[in-house]
Amino acid sequence: MEAALPVTARNKRPAQEEAHRADAGKKKRARYEFDDINEYEMLKEIGEGAFGVVAKARDHRTGETVAVKWIRGGLEGNNDGSGLLPAVVREAGCLAACRGHPGIVQIKTVAAGEDTSGDDLYIVMELFAGGATLRSELATRGRPFSEDEARDAMKQLLEAAEKLHATGTIHRDINPDNILAAAGGELKLCGFGCATPARRVGCPEKPVGMLQYCAPEQLFGLSCYGPEADVWTLGCVMAELLAGEALFTATEEDYMIAERINLRDDIVSMGVEAFDETMLDHVSVAGRELLAGLLAFHSDERLTAAEALEHRWFTGEEDEEVQEEEEVQEEPPAAVELEFPGFESPFAAPAA
Ligand SMILES: Nc1ncnc2c1ncn2[C@@H]1O[C@H](COP(=O)(O)OP(=O)(O)OP(=O)(O)O)[C@@H](O)[C@H]1O
């Protein structure tokens, strides 16, 4: 049966251009061992990616149901590393390096049309049933996660990040849309299209990933950043789970930088004080302390994913102490004295 994904009018190209692309595609195909996409029967569209749709499909050879992420023009690439092909190779490579981890969507193979024209590629993955993401899960509930539910979710996400970072890779686009969610509470990180080797990020013209979840170092346009950026993002996700609404909502980059700098005093004193009086005041001291560690403004002061997993919010250590602290805390302690080294203006150049 023909493996055709839905093709919209805007995807169609003139015949001459199509022939040229097919020729170039054949040469590139020869360099890689791709599976044949014609072996898959496309059943239903289940999501939309940046370069095409994600579909539920059946592998004719095994009868297995899988998810196929269609990357239009995925074979296009240049020797300087630009173009989609290097990005697809990176995405597939990152996923392959994380194979076997329960918190990361499992890649099976990369497929192309063996005997058909076209330069599209297809990442074949395990199908995560249900079709929900953390974003849709939050919307369906219409209420925040309880602290126990958030702890369970964050443990899975931090373990996934720990594994990813141990492979030398950063995701750069963790947000509730890129977290698949099953009814039983199981989560899986997906959307690895922006993943890249840590600290080898070229000077991006603008931050990669959703602005609302970008770490300060990404927003400042630093050319070199690492796994700490993903940890910040996970702090945003944790706050969103516990508050039921996004931590940062601004859309303009400059405004967000300012918003983040203003927030810093709240973050620093978060260990003892609620984030904004009401949003997180129901969260335990240990929970707010962890949040402050994930959302440390300076990346070198931020917890790593592995350190976060050792935090007492997860281990339960000192539970009694936390309880006592909470009981004693009728009056909120005074805010911590703040320093802003190197930040004369919110838009000053970042320290090297
Ligand atoms: N393995 C899977 N099983 C079920 N649904 C999936 C799977 N992978 C992706 N999806 C669905 O497809 C949507 C888009 O997928 P994905 O996040 O990989 O694309 P994307 O957002 O364009 O990512 P990227 O920026 O990496 O290209 C997801 O939000 C999810 O709803």
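Note that the numbers count up from 1, one per residue, in the order the chain is shown.
Just so you know, glycine gets a Cβ as well, placed from its N, Cα and C.
What TrEMBL lists as region 'Disordered' is 1-26 (among others).
What TrEMBL records for 14-25 is compositional bias 'Basic and acidic residues'.
Taken from TrEMBL, the feature domain 'Protein kinase' applies to 40-314.
Counting only same-chain residues six or more apart in sequence, the Cβ atoms lying under 8 angstroms from the Cβ of LYS69 (ATP binding site) belong to GLY49, GLY52, VAL54, TYR122, ILE123, MET125. Annotation comment: TrEMBL describes LYS69 as ATP binding site.
Annotation comment: TrEMBL describes 316-352 (among others) as region 'Disordered'.
Residues or ranges marked as compositional bias 'Acidic residues' in TrEMBL: 316-330.
The average pLDDT the prediction assigns to the domain 'Protein kinase' (40-314) is 85.
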